[in-house]
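Asker: There's a structure below that I have some questions on.
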Amino acid sequence: MALPITNGTLFMPFVLTFIGIPGFESVQCWIGIPFCATYVIALIGNSLLLIIIKSEPSLHEPMYIFLATLGATDISLSTSIVPKMLDIFWFHLPEIYFDACLFQMWLIHTFQGIESGVLLAMALDRCVAICYPLRRAIVFTRQLVTYIVVGVTLRPAILVIPCLLLIKCHLKLYRTKLIYHTYCERVALVKLATEDVYINKVYGILGAFIVGGLDFIFITLSYIQIFITVFHLPLKEARLKVFNTCIPHIYVFFQFYLLAFFFIFYSQIWILYPIICTYHLVQSLPTGPTIPQPLYLWVKDQTH
């Protein structure tokens, strides 16, 4: 339990309580249905993708290994969010231990960072395949692919840890134990603190730039290089074919980063917002689209 200090201030709440969607408590049981359906679709779709890639030796190539990594990350990310969300909506179990909240936060931001890194790896692989097709087998060796997967996993996992330590060790006083959210998100938790959160905000923005910002820049540069190469192809049919193979990747890329930038804008700058519209857009960031992104990319790759 939390220890009261003065004027309702709490010293390091032992248990936090999720509010869910403020103002919609009476209909949250219905709101949970589409999230549950999306979660089940993501589990089934990504699991099928992993089984197909694992069982088919011809798919043990860099692009499909990255797709498998993206699929496993999608499963892990949605599993770290949706079950607790449904606990709140359906079973009225909004409480979570403070340390468990930090652990969920670490999982969510780590898996989001992995997704960003995998999208960068896929863009670089596509760039080499289109711009330097004869060098692809030399550049993207199995050893390099292994290093990339390990690197994109460790990068966010390590970068998020100082953020958690800053919350745990630096922020001791909280105005309330109520979180106006359905899962543990860094900004939502930091806003509860009554102490100076400048360091936490700076590190949060810095970490987001190191992971998402740099990935976005390099992905954009990769696709610029791809477009330059495509427009120099002599045959119109060849240009259209190569461009069509890039469309699904560009779609997933823009979907992921536009929602991510909207989330950052909402959490850091936009204070007064239409709650239900903003909430659904923000919630779609971790839970993903109706069709799992890796499965969507795989189907599109097979049709071109």
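Glycine is treated like the rest: Cβ placed from N, Cα and C.
When I checked Swiss-Prot for this same protein, it listed these features:
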DISULFID  C101-C184  disulfide bond
CARBOHYD  N7  N-linked glycosylation site
TOPO_DOM  1-32  topological domain 'Extracellular'
TOPO_DOM  54-61  topological domain 'Cytoplasmic'
TOPO_DOM  83-103  topological domain 'Extracellular'
TOPO_DOM  125-146  topological domain 'Cytoplasmic'
TOPO_DOM  168-203  topological domain 'Extracellular'
TOPO_DOM  225-255  topological domain 'Cytoplasmic'
TOPO_DOM  301-304  topological domain 'Cytoplasmic'
TRANSMEM  33-53  transmembrane segment
TRANSMEM  62-82  transmembrane segment
TRANSMEM  104-124  transmembrane segment
TRANSMEM  147-167  transmembrane segment
TRANSMEM  204-224  transmembrane segment
TRANSMEM  256-276  transmembrane segment
TRANSMEM  280-300  transmembrane segment
Asker: Counting Cβ pairs under 8 Å that sit 6 or more residues apart, are there three or more between the transmembrane segment (204-224) and the transmembrane segment (33-53)?
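Answerer: By the criterion, they do not touch.
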Asker: For the topological domain 'Cytoplasmic' (54-61), what are the DSSP-based totals of helix, strand and coil residues?
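Answerer: Summed by class, the stretch gives 5 helix, 0 strand, 3 coil.
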Asker: Of the residues in the topological domain 'Cytoplasmic' (125-146), how many are helix, strand and coil by DSSP?
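Answerer: Helix/strand/coil tally for the topological domain 'Cytoplasmic' (125-146): 19 helix, 0 strand, 3 coil.
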Asker: Work out the three-state DSSP category of C101 (disulfide bond).
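Answerer: Assignment for C101 (disulfide bond) reads helix.
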Asker: Please report the number of other Cβ atoms within 10 Å of the Cβ of C101 (disulfide bond).
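Answerer: Around the Cβ of C101 (disulfide bond), 23 other Cβ atoms lie within 10 Å.
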Asker: Let me check the 10 A CB neighbour count of C184 (disulfide bond). How many other CB atoms are there?
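Answerer: There are 25 such Cβ atoms around C184 (disulfide bond).
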Asker: Over the topological domain 'Extracellular' (1-32), work out the mean pLDDT and round it to an integer.
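Answerer: The answer is 76, the mean pLDDT of the model over that range.
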Asker: Using DSSP, tally how many residues of the topological domain 'Extracellular' (168-203) sit in helix, strand and coil.
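Answerer: Reading the DSSP string over the topological domain 'Extracellular' (168-203) gives 14 helix, 5 strand, 17 coil.
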Asker: Residues of the same chain, at least six outside the topological domain 'Cytoplasmic' (125-146), with any C-beta under 8 angstroms of its C-beta?
Answerer: 62-63, 65-66, 222-223, 225-226, 229-230, 242, 245-246, 249
Asker: With a Cβ cut-off under 8 Å, give me the same-chain residues at least six positions beyond the ends of the topological domain 'Cytoplasmic' (54-61) that come close to it.
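Answerer: Answer is 68.
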